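Asker: Below you will find the structure I want to go over with you.
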Amino acid sequence: MENLVARLPGRERGPALALVAHYDSVPNAPGAADDASGVAVLLETARALREGPTLRNDMIFLFTDAEEAGVLGGNVFVHEHPSFRDIGLVLNFDGRGTRGPVGLIETSAGAGALVRHFADAVPDPVASSLFPEIARRLGHQTDIFPFLRAGVPGMNFAFADGAAHYHAPVDDPAHLDRRTLAHEGMLAFALARRFGDLDLTTLRAEPVVYFDVPGLGLVVYGRAWALPIAMIPVALFVLALVFAMRRGQARPARVLAGFGTLLASLVAAAALAAGLVAALRALTPAWGAFRGDPFDPGLARIAIALLGVAVYAAAYRFFRARLSPFELALGAAAAWLLLALATAALLPGASFLFALPLAASLTGLLVWQRRPSPESPSSGLWLLLSALPALVLVVPVPYLLLIALGLPRAAPAVAVVVLLAGLLAPLLEVLGAGASRKPALGLAGACAVTLGLSVATNSFSPSEPRPACLAYALDAGRRAAVWTTTEEKPAPWTTLHIPEATRRAPRFSLPGQGTLRHEAEAPPLDVPPPQLESLGDTLHDGIRTLRFRIRSGRNAPFVLVSVTSEAPLRGATIDGRRVDEPNGFRATTDDPWGFTFQGLPAEGIEWSLDITPFAPATVRVVDRTYALPAELLRAPMPADVMPMPFWIAGSTFVAVERPFGPGP
């Protein structure tokens, strides 16, 4: 593993600005978007900065290795490189797709000053304090996290649309959107110029709520204002409810029924969306072959949104015969009010999404209540004006959620669509369609047509190949080999090697490398197995220590070690690094303890294992190369097929296993 570090001197001594991208990729993926795009952008930024006036701060350009293996390069730099101590701010650039705008998706704590400088430096910024709330729950890792854990202020930028290309052979220059690359380059250069001339010791500030508004830029205010702002729609809701009750437009029990209408619509739409996507994934290879989105998910996203609006329109029409439009509107507002208060208290970064649109809509509702004719053009104008904050702030959210979570997890996106439909429903009354079935039928028809077009336009070709997972695994001790796959429904090319008639449940195990679904016998290769050389077996202070050297007999770069024992393991030392667990490691047959080592040197590595005395243990070593044995393939991989992203596709594994008795 080798990080690449370059330094561009500044005019003054002080904290340095670090710009970071990783230059490694995953097996089978060229990595044009993830993350050669970031590397290219930083190289061009460095060139442009060298040709311009010298900035105040030193610039450190860090190109990390082994980010995909677990942010190893970033961790090593933070813990071992002397330049880390000089860094006052880090900007990280990464890609999780091949297209789309580059957004500010995460920041360090107390990022008020950072966000305000970002807003001033960049035209049309793409940012929202909602993004970090989503990112934290997705649990992904990237190079900025070691810096944030070490207390360095930072900002993380990424693009994420085009997920079908992510970690795949089609993450190549031909599929990388040049507009995305240009946007990333503009951001990197503008922010380098901005922060390169700032005193980086002054960047810590209060946490903030922020969001972008097209044409206006970034709106930023302190998180301390989240709860007071949420009180505004509380007051407006109470006022609207009291006014409606006095005018005989609503009764509390019936407002509660309006709340139930929105809630039932939300649950029904989310369930329908989940069921629809699951059915399409089961019936349509162009959908089911991916963990997430197909190659072209645009029409499907529109169909999901239309589905949500259609469900609420149908529910609105049904209950409109029993409830007044004010009761339905106030019931929907009650749901928004609960969300506004909950997010203000628990997720303040997302609070703007509910409090601000609701306050505007309730203002419009109050005006609408006082109009002699709710269907008059002036009533419609007031409602439309009051809906603008919801249209501006909320309409993009389902799209962003579908990009972040993918169509298989469409429920949150369709829930937001239903919430938005509930807030905007009074517009149906202005249009005279509140009691009509036409909106629901029209929306349902549009949903069906759009979904049909999505299915028809998603197919496989050499430029958009079908993912297939096939791996070869050899148990060297038993001289038994298998073809194995993680596909529940194997692709036709996979089925050539794992025929349905002879496939079986997996016996070859690869802990932590994905869920194996099927396997079939294969001819054993005559290749040297990994070597597990015993260097010692000692007993000291009630702890038995086994020492080993691991080598790959075929120069494999990756090794997977797993240990099972009847008693808990006490610790391990791996290539000089100590791993301790006071309560012991679990190491059962169903849940073995182990580790992976990437970049295995030719001489191998030494490691030791501390175990409970008088308890037998079994050590298993599997090495991995990133190619299939061509001489054993029943047919070459077709041009419209590619190795499946993630896990084991296109790899050869060779395993050895060695038992150790109860004592030295």
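Backbone N, Cα and C atoms are what each Cβ position is placed from, and that goes for glycine too.
Automatic prediction, not curation, is the source of TrEMBL annotations.
The model shown is predicted, which means the values in this text are computed figures rather than measured ones.
Summarising the annotation, TrEMBL assigns domain 'Peptidase M28' to 3-190. The transmembrane segment feature in TrEMBL is assigned to 225-244, 256-279, 299-319, 326-346, 352-368, 380-404, 410-428, 440-460.
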Asker: Where else in the chain does the transmembrane segment (440-460) make close Cβ contacts, counting only residues six or more beyond its ends and a cut-off under 8 Å?
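Answerer: Contacts with the transmembrane segment (440-460): 276, 280, 284-287, 294-300, 302-303, 306-307, 309-310, 313-314, 316-317, 466, 640-641.
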Asker: Between the transmembrane segment (225-244) and the transmembrane segment (299-319), do 3 or more CB pairs sit under 8 angstroms, pairs being 6 or more residues apart?
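Answerer: No, the transmembrane segment (299-319) does not contact the transmembrane segment (225-244).
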Asker: Residue list, the transmembrane segment (326-346) vs rest of chain: Cβ under 8 Å, 6 or more residues beyond ends.
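Answerer: Hits for the transmembrane segment (326-346): 226-227, 229-230, 233-234, 237, 240-241, 244, 249-251, 254-263, 266, 316, 319-320, 353-355, 357-358, 361-362, 365, 369, 419, 422-423, 425-426.
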Asker: Ranking 225-244, 256-279, 352-368, 410-428 by the number of C-beta pairs under 8 Å to the transmembrane segment (380-404), which range is first?
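Answerer: If we count Cβ pairs closer than 8 Å to the transmembrane segment (380-404), 352-368 scores highest.
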Asker: Of the stretches 225-244, 352-368, 410-428, which racks up the most C-beta pairs under 8 Å with the transmembrane segment (256-279)?
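Answerer: Per the Cβ count, the answer is 410-428.
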Asker: Against which stretches of its own chain does the transmembrane segment (225-244) lie, if we need a Cβ under 8 Å and a gap of at least six residues from its ends?
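Answerer: Distal contacts: 209, 250, 252, 255, 326-327, 330, 333-334, 336-337, 340-341, 343-345, 348, 351-352, 354-356, 358-359, 362-363, 365-366, 369-370.
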